[in-house]
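A.B. asks: Handing you a structure now.
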Amino acid sequence: MDALRTKDTSSSGSKENVDVKTHHTTTILDDRRRAALAEVDNAKFSWFHVKVCLVAGVGFFTDAYDIFAINIASSMLGYVYGHNQKLSKNQDLGVKVATPVGTLVGQLLFGWLADVVGRKRMYGVELLIIIVSTFAQALSGNAPAVHILGVLIVWRFIMGVGIGGDYPLSAVISSEFASTKIRGRMMTAVFASQGWGNFTAALVAFILTAAYKSTVLSSPSVTDLKGVDYMWRLLIGLGCVPGCIALYFRLTIPETPRYTMDIERNLGQATMDINNVLTEKKIEADPDAPVERTPAPKASWADFTKYFGQWKNFKILFGTAYSWFALDIAFYGLGLNSAIILTAIGFGSSKSTGVQAVYDNLKNVSVGNMIISAAGLIPGYWVTFLFVDHWGRKPIQLMGFIILTVLFIIMGELCL
């Protein structure tokens, strides 16, 4: 009996020692994690932050260029492949809406994959999809079995999947590498690249129109516009150039420390990445400390519903998501159809006839889109960049929605 009691006492003592050791190890890991995250949040603005902004920003630039280039390219497609020099309503809708539909699929798919396999592993894959699908659009051909517009719709949907992947990945990576003081400006700088992408699409269209002026004007008739066929292919195809430039940097960017620590549970690697790219001061790591990796808890729908089932959490998710939804109705609805709107109000129309009217219309539409981007879109981004950390996110967003509401009411009244 005494031997049994001694054995039980020994087992109980060993268990208590293991519990104490485990608690001590967990405390060490928690302290080191907090220290590492503090370094990220308090890091001074550095060249690495500029690199992240540029690498992510080039993606947003490419996304906007590829999405809104079809706004002018659809007019070119109408002259070459349309009936009576324009696409039908269904054809025009198809080539324009294919990308946003693909974007929805890409956001859900890549957002999920980014949490499962990591940001770094997926960052660059979505850009490859954009590059390949953009290049394929420029090489699309017509055939008796498949009309070229059908081919374009398929490739633009695939391109949209890549663009949809780029949106969450670039935003998350920029946010997770940004320090607290500069996070607002970093995110704004990345998103501001959309304005430049929109402007560049119109600028390239204007340059191509000027470059092919003699070819267009020397065309035998409006039903034989080979020069315009070159123009829309170049306009869309050039959209893959900035993506190719950014691809290498995306494939070599390190994993974000927050993912490495909280999902992979690899504190040592996260500490190394922070030391290499973000801080001048080295975070000390005791090589003898027990820092073995532990399995991360699996996310589940039950956790999701439990967390967002609380009103205080749900209202933040709903408010943010609905704000994007409401904004994008106007942003994409008007942005993808600005060529039609400009022509309807007389800006893009021409008093000339024949091939001269084709040239004048394409030139005027390109100029009109450049004016819209340069006068409104780009300044709006950079005003936010200057004041987002002074005025706050919410006041700026409220001001934006109030101004949009007033402008839409005025435009609606004028159109009645």
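Backbone N, Cα and C define each Cβ position, glycine as well.
Values in this document were obtained by computation on a predicted structure and should not be read as measured data.
Sharing the record's features from TrEMBL:
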| type | residues | note |
| --- | --- | --- |
| REGION | 1-20 | region 'Disordered' |
| TRANSMEM | 52-73 | transmembrane segment |
| DOMAIN | 52-416 | domain 'Major facilitator superfamily (MFS) profile' |
| TRANSMEM | 93-114 | transmembrane segment |
| TRANSMEM | 121-139 | transmembrane segment |
| TRANSMEM | 145-165 | transmembrane segment |
| TRANSMEM | 186-210 | transmembrane segment |
| TRANSMEM | 230-251 | transmembrane segment |
| TRANSMEM | 321-347 | transmembrane segment |
| TRANSMEM | 367-388 | transmembrane segment |
| TRANSMEM | 395-414 | transmembrane segment |
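I'd like these features described in context: how deep, what's nearby, how far apart.
C.D. replies: Outside the transmembrane segment (121-139), and at least 6 residues removed from its termini, the chain residues within Cβ reach (under 8 Å) are 59, 62-63, 66, 106, 110, 113-114, 152, 155-156, 158-159, 161-166, 169, 173, 233-234, 236-237, 239-240, 243-244, 246-247, 250-251, 253.
Sequence-distant neighbours of the transmembrane segment (395-414) (same chain, 6+ residues past either end, Cβ-Cβ under 8 Å): 323, 326-327, 330, 380, 384, 387-388.
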A.B. asks: Same chain only, please: residues at least 6 beyond the ends of the transmembrane segment (321-347) with a C-beta under 8 Å from a C-beta of the stretch. Say none if there are none.
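C.D. replies: Cβ under 8 Å, 6 or more out: 67-68, 70-72, 74-75, 96, 100, 198, 361, 364-365, 368-369, 372, 397, 400-401, 404, 408.
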A.B. asks: May I ask whether the transmembrane segment (367-388) has at least three C-beta pairs under 8 Å with the transmembrane segment (186-210), counting pairs 6 or more apart in sequence?
C.D. replies: yes
